[in-house]
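What follows is one structure encoded as structure tokens, with my remarks underneath.
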Amino acid sequence: MKPAFFGDGRSLLSVASVLAARVAGAAAGFFALALVARLLSPAETGTFLLMQSAVSLAALFALGNLDGAAIRILPGAEETRPGTTHLFLKTLSQTAMIGVPLAFIAVSLGLWLTTPLTLIGALWAGCGLLGFVALRSSARVARALGEVRISSAMQLAGRPILFFLCLSVTAAIVLMDLSAAVAAFALAAMIAGLGHMTITAKRLHRRLRSPPFAGEIRPWRMTGLALLITVLLTEEYPNTVLFIANFALDEAALGELGVALRLALLVKMVPASVLMAFGPQVVAALKRNGPTAASPIALTVTRISATVTAAAALGMALCAVPLLGLFGETYSADPLPLFTLLTVPIANAVFGPNLLILATAGKNRRLVTLTLLNLAIMTIAVLTVAPHGLLAISIVIAVAFVLWEVTLYLAARETTGINAWLPRALAPLPRAEQPPKTEAAPEAAHRTSQLPSGS
């Protein structure tokens, strides 16, 4: 019997469940940000969004993204080399003892000196950094060791919901100002981070019976740094763009750009969710049977991503003005930047899961080179066109991301032979190319849950 054009029902159910978790967190984050925009001025909203970006990026750099390398190191490692988990956690703790205090000082001092935040507000932002590091690192380690459900629930939905609740309570108790909003953000991050870290520690205690082996940890750090570069343009892309634009825009314009980026990110979650569900199958097929087996599954990813992303982008475009209106008249006056930024998730879906393919094939050097080149081009372009307004900035951001997707597509096709972009995906698959009904191994699922999810 010929498999369905969009894959089997079980995989589609996985996509739906992952997307539901992401939507729950995104909805809470959306309403929290709308509340911030309503309670604060446009300039204060811009400062708040810059603070969020600085905290998220600093949390990434504080550990050198060593926690991001967990998904490449820990799955199945105890069977081949007992003590790997213990050594990794020990190395992560030692890195945190140095990197986190430095990041706390850098974020607090930097925000205090360069933004309208008071010293108290800047210190609250530093506390938020501590929560972000705790949540992100414990969630990544837990996911790498198979504790996927609780880590995903807390990271995708738990923290945004807590932020909305903390913000609502704060607004009801005190007169809301910028420092109070930052304090609510920090409290939510600390509660989520410390809570998740405590639960993870209890669950993983039984895995630490073997003493740490005397292994070489430098390759782990290099893997983390290589993944960090790609994360800047995938999971962290709104924060990266906002941080770059900070050098050319005032706080009010930064707030308008930040809101448009956050709304476009809601659409970008669609291809990311599809990839989270189908990624293990792509990786398992590519590693076990090569590109021939992986290509049909990658084409299925493209078909589903493009279909659902197109619908989501159309819905966002039709609802753009009323959605922006929830933030205030300042934001709904010009929806064109948001329309332009919707190009990013569309390109992400149309060109296929090339970043995952390149990462699985071990083409890290080419991946990092292409990402750094794109970052440089985008930075120069944003700073150059900034005097021409938000629409010009949105256009160069969209063009830069489309170029990045094109280069990833060409690199994946050249190095692996996999051609997974939409025109190829829409062609009927010959029976010989239909993906076999196989279940991804648990270690493959673990290995891909933290691979870059933007392409």
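Glycine is treated like the rest: Cβ placed from N, Cα and C.
All annotation found in TrEMBL is predicted automatically rather than curated by experts.
Annotation comment: TrEMBL describes 12-36, 48-66, 87-111, 117-135, 156-176, 182-201, 222-245, 265-286, 306-327, 339-360, 367-386, 392-412 as transmembrane segment. According to TrEMBL, the feature region 'Disordered' maps to 432-455.
Long-range contacts of the transmembrane segment (117-135) within the same chain: residues 47, 51, 54-56, 58-59, 62-63, 96, 100, 103-105, 107-109, 111, 154-155, 159, 178-179, 182-183, 185-186, 188-194, 196-197, each at least 6 residues beyond the stretch ends and with a Cβ under 8 Å from a Cβ of the stretch. Just going by CB pairs under 8 A, the stretch in 48-66, 87-111, 156-176, 222-245, 306-327 that sits most against the transmembrane segment (182-201) is 156-176. Three or more CB pairs closer than 8 A are found between the transmembrane segment (87-111) and the transmembrane segment (48-66), so contact between the two stretches is assigned (pairs 6 or more residues apart). Looking at which of 222-245, 265-286, 306-327, 392-412 has the most CB pairs under 8 Å to the transmembrane segment (48-66), the answer is the stretch 222-245. Among 222-245, 265-286, 306-327, 222-245 has the largest number of CB pairs under 8 A with the transmembrane segment (392-412).
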